[in-house]
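Undergrad: Here it is: the structure, laid out below.
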């Protein structure tokens, strides 16, 4: 088998997944509608009991209270069973994806062992070396242009102001995230049986709206905060130069340099989401490959 044959086989294997997923998702949607109808019914029964107690007091027994309570419990058990069926169908979709992914990974490993496909690790090593050489050359050129065009005595002050502004922008964004999360409240349930589910729904909503995907360390603004501080002489980036121009922070936990000049990492604008420097990307790729093989 060669890489093209593996590719064609994989495409053929997953060609029917769309239809299968569409069917399973339709089934899950129908189950959701059934659960909604059940919840609406037993919540109405519960509301009738609560309303009777408010009007007549708790000492007077609600007519057919035992029968209504049993009916509510039965419908809640049915809803619970339907939820289990939903989970099973969702797991079926996950299983199908995992099965095809493992088959593809096994085929890739066989091609690597036969020498028909370059291992990902070696390919990344080559790409990282090329990228690093280009980054260092770009940084040297940028530094020369900056020295030729920047008036003496202004570089340190402007650089420090920019870095201070970046830190303030990052802090403000973090505060905004925490405020948004605190403002999200679970919707009020129709009856007393929906409290726990509402709280869980609010938590999921905060994830759906993308509040956890913002990488504040990589977002820079053009604000100007005129604080007077001493010149920052710390060396950053692959080029081991001081801070200047636009810089980006690496999200790697053990990054050696932490901050990088845009020109040194071939960036023209702030990256979206988490960003890793070439060294950290290489380290992540190695760890991922080790986990797959183990």
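Just so it is clear, glycine is given a Cβ too, placed from its N, Cα and C backbone atoms.
Under the heading region 'Disordered', TrEMBL lists 126-201. What TrEMBL records for 166-178 is compositional bias 'Polar residues'. The feature domain 'PHD-type' is assigned by TrEMBL to 234-283. The annotation site 'Histone H3K4me3 binding' is assigned in TrEMBL to 236, 247, 251, 259. Annotation source TrEMBL lists Zn(2+) 1 binding site at 237, 239, 261, 264. Among the features that TrEMBL reports, Zn(2+) 2 binding site is placed at 250, 255, 277, 280.
I'd like these features described in context: how deep, what's nearby, how far apart.
TA: Taking DSSP states H, G and I as helix and E and B as strand, the domain 'PHD-type' (234-283) has 10 helix, 8 strand, 32 coil.
Residue 236 (site 'Histone H3K4me3 binding') is surrounded by 20 other CB atoms, counting those within 10 A of its CB over all protein chains shown.
For residue 239 (Zn(2+) 1 binding site), the Cβ neighbour count at a 10 Å cut-off comes to 19, with all displayed protein chains included.
For residue 247 (site 'Histone H3K4me3 binding'), the count of additional Cβ atoms within 10 Å of its Cβ stands at 22 [all protein chains shown].
Taking a C-beta cut-off of under 8 angstroms and a sequence separation of 6 or more, residue 280 (Zn(2+) 2 binding site) has the following same-chain neighbours: 250, 251, 252, 254, 255.
Packing around residue 251 (site 'Histone H3K4me3 binding') is summarised by its Cβ count: 17 other Cβ atoms lie within 10 angstroms of its Cβ, all protein chains included.
Listed in sequence order, the residues of the same chain lying 6 or more apart from residue 259 (site 'Histone H3K4me3 binding') and placing their CB within less than 8 Å of its CB are 236, 237, 243, 247, 248, 249, 250.
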Undergrad: For the recorded Zn(2+) 2 site, enumerate neighbouring residues of the same chain (Cβ within 8 Å of the Cβ centroid of 250, 255, 277, 280, site residues themselves excluded), in sequence order.
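TA: Neighbours within 8 Å of the Cβ centroid, excluding 250, 255, 277, 280: 251, 252, 256, 257, 258, 260, 276, 278, 279, 281.
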Undergrad: Return the single residue from the binding-site residues list (237, 255, 277) that has the minimum number of other CB atoms within 10 Å.
TA: 255
Undergrad: Among all chains shown, work out which of the binding-site residues 250, 264 has the most CB atoms within 10 A of its CB.
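TA: Top count of Cβ atoms within 10 Å goes to 264.
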Undergrad: Using the alpha carbons only, what distance in Å do you get between residue 261 (Zn(2+) 1 binding site) and residue 277 (Zn(2+) 2 binding site) once rounded?
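TA: Roughly 11 Å, rounded to the nearest whole number.
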Undergrad: How many other Cβ atoms sit within 10 Å of the Cβ of residue 261 (Zn(2+) 1 binding site)?
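TA: There are 23 of them.
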